[in-house]
Amino acid sequence: MELYIVRHGTTDWNAEKKFQGAKDIELNENGRILAAELGKRLDHSGIDFDCVYSSPLIRAYETACLIRGHKTYPIIRNQLLTEISFGGLEGLPYNEWINTDHPRKYFFTEPGSYVPPEGGETFQSVCDRTKKFVQTIIEPIQNSQPDSRIMIVAHGALLAGMMCYLEGHGVDNFWGSGLKGNCEEAVYQFDGNKWTKTHEDEVHENPYQK
C-alpha cells in the first residue's frame, strides 16, 4: 500500500505567519493555484488514488478537491485529521507567540518543553490521534487492498505528529521529519508491518522562523 501525505495550500494567515490551529481559514488564491498545480502534476505522472482522507477544515478539504480535479475518487473528511488547537490564541502572529515567558514559545524549538496555551492541545494528543487514525483506518486497508494508493490532506503540525508514528520517533522529536511546505508531499510504503518513506519533496527552512 502506498500513502501520500500532503499539507494544504496557502492561506492569508500562512502568509502573515499567524498560528491558525483549528480555526477554519480558507485558501487564498495562491493556495488554490498550488493545489491545482499539484493535482495536474500527479495526473500527468499517471498517479491516481483509491480515496483521499481530508481534515474537515476548509483549507484542507478545498486542497483535496482541487488536487482531485475532474476525477471521481472519494474524499472522506475525518475529525482526527483536524489541526492542533491553540485555544484562545489562534490567529496570534509568530513573533508574539515566541516573545513570552510562557512555554508555548518552545513550539518549534523544544517540543519536549512545549506547553499549549489555555484550551490548546498538546503534542502528545496530536501524536495519539494521528496514530489512532493510521492504525484503525489506513493500515487495515492493507489486508483487503494491498495495492491501494491513499492520500491524506491535512496540516503542518498534524502531519508532523503522524510522521512521528510512521517514522518511529517520539514527541521530544516532534519536528524530526520537518514542517511540510504548503502542497508539498511525502510518500510512504506499508508492507503490513512497517512504514518506509520512498519520496519527499525538498525540505525547506521553517517559514515561521525566517
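Note that Cβ sites are derived from N, Cα and C of the backbone, with glycine treated the same way.
Taken from TrEMBL, the feature substrate binding site applies to Arg7, His8, Gly9, Thr10, Thr11, Asp12, Trp13, Asn14, Arg59. Under 8 Å, Cβ to Cβ, and six or more positions away along its own chain, His8 (active site, tele-phosphohistidine intermediate) finds Leu27, Gly31, Ala35, Ser55, Leu57, Arg59, Ala60, Glu62, Thr63, Val153, Ala154, His155, Asn182, Cys183.
Here TrEMBL flags His8 as active site, tele-phosphohistidine intermediate. His8 (active site, tele-phosphohistidine intermediate) carries neither a helix nor a strand DSSP state and counts as coil.
What TrEMBL lists as active site, proton donor/acceptor is Glu83. A 10 Å cutoff on Cβ-Cβ distances gives Glu83 (active site, proton donor/acceptor) a total of 26 other Cβ atoms nearby, all chains included. A coil conformation is recorded for Glu83 (active site, proton donor/acceptor) in the three-state DSSP classification, outside any helix or strand.
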CB neighbours of Arg59 (substrate binding site) within 10 A?
29
Please report the Cα separation of Arg7 (substrate binding site) and Glu83 (active site, proton donor/acceptor) in Å, rounded to an integer.
11
